[in-house]
């Protein structure tokens with residue numbers, strides 16, 4: 001157990017820090033090194049380590065990233081962003097449009113891609129209209145995080161919840177679509193209130209000067225068709241990973257361009273990160289250390305399902321800031337099956353670990369993508385972001401948990 005705890009602790013510390021002094025380690029390579037050390041220390045055999053890697057999660061993530069890559073190649077995300085910013089007439093309407101568009105797209109496609117594609121056009125419109133960039137950049141980041149709560153394919157941690165819990169796509173969406181929608185409205189209202197002094201009431205004339213992005217019509221039709229078939233398969237209860245991979249394979253076959261272009265857009269380091277973490281967490285579980293951790297937090301959780309849901313959700317928010325949401329959800333997978341209502345706790349964990357991304361700058365990859373793309377225009381200090389993020393996280397979490405527990409009382413989550 002000692003070896004497993006040392007490897008686990010060192011790996012999660014490296015993940016939390018993002019880098020290791022004197023070593024060229026980032027989060028994916030730290031997870032990979034941790035996996036190798038679990039085998040080298042004898043905690044797991046090579047066969048056990050290989051079996052620990054959850055192919056369903058990796059396949060689902062790969063398939064969805066490839067679908068998003070083909071939609072990107074076709075110009076879909078740029079066109080959708082252009083449509084939003086040219087359809088509104090005031091800065092306040094733009095704020096609402098960005099929150100709802102980022103959230104809506106992130107409900108079905110991985111939210112990191114949505115932020116990557118929307119941010120450049122948002123910067124153009126705020127520059128042309130001489131608007132402060134921060135409210136609109138936060139609208140994209142906060143909106144994408146909140147909207148991605150709605151489905152199993154909205155973000156990586158939801159995918160892990162889906163594969164570990166066995167909750168179907170339709171059941172997950174039925175339970176969390178309403179909390180996600182309410183969170184989006186809350187995000188827009190809060191941003192409008194927090195930045196009311198910086199949002200002029202004059203018309204947004206600059207939007208009309210934006211040129212319509214080019215669309216590859218044939219590729220767009222094929223990519224949208226494949227995505228629609230994949231979503232239909234999800235709702236029909238087909239295996240998530242193979243359904244997503246089938247859609248990706250269809251795009252490579254009929255896309256009319258070299259698959260290498262789409263493959264280059266896949267976030268391969270993220271897949272390495274996941275694979276390494278599966279092995280590290282499996283080592284902790286096999287050693288019995290995960291059981292000891294659960295014994296430590298169990299008294300705080302209490303016995304009732306409602307209390308466990310609220311307390312564990314708060315714990316999820318805090319832990320997601322320390323080690324990030326994906327590593328936390330993987331570790332939580334050892335604890336949740338022992339709780340009063342595992343299905344409810346899985347849903348609450350997905351919800352809380354995702355909304356936790358809005359708390360700090362480093363709370364989610366979506367935040368980092370938006371602010372890094374913005375450069376100096378998106379410069380916002382840790383404490384200023386925390387001031388906005390804490391309000392957004394507290395309100396959306398309270399609303400979402402209230403709705404989720406209300407659905408439980410009505411029997412909708414069972």
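Placement of Cβ uses the backbone N, Cα and C atoms for every residue, glycine included.
Computed from a predicted structure; not experimentally measured.
As given in TrEMBL:
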DOMAIN    19-352  domain 'Citrate transporter-like'
TRANSMEM  32-53  transmembrane segment
TRANSMEM  60-81  transmembrane segment
TRANSMEM  93-122  transmembrane segment
TRANSMEM  172-191  transmembrane segment
TRANSMEM  219-250  transmembrane segment
TRANSMEM  270-289  transmembrane segment
TRANSMEM  310-332  transmembrane segment
TRANSMEM  344-373  transmembrane segment
TRANSMEM  385-405  transmembrane segment
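Residues 1, 3-5, 7-8, 11, 27-35, 38-39, 43-44, 48-49, 52-54, 57-58, 61-62, 156, 160, 326-327, 330-331, 333-334 of the same chain lie 6+ residues outside the transmembrane segment (270-289) yet bring a C-beta within less than 8 angstroms of a C-beta in it. Contact count against the transmembrane segment (172-191) (Cβ pairs under 8 Å) is highest for 93-122, out of 32-53, 60-81, 93-122, 219-250, 310-332. Taking Cβ pairs closer than 8 Å, the transmembrane segment (310-332) reaches residues 12, 15-16, 27, 156-157, 160-161, 273-274, 277-278, 281, 284, 290, 293, 297, 300-302, 339, 345, 348-357, 359-360, 362-364, 393, 397, 401 in its own chain, all 6 or more past its ends. Per-residue confidence over the domain 'Citrate transporter-like' (19-352) averages 91 (mean pLDDT, predicted model). Under 8 Å from some Cβ of the transmembrane segment (32-53) lie the Cβ atoms of residues 3-4, 6-8, 10-11, 14, 25, 272-273, 275-283, 286-287, all in the same chain and six or more residues away from its ends.
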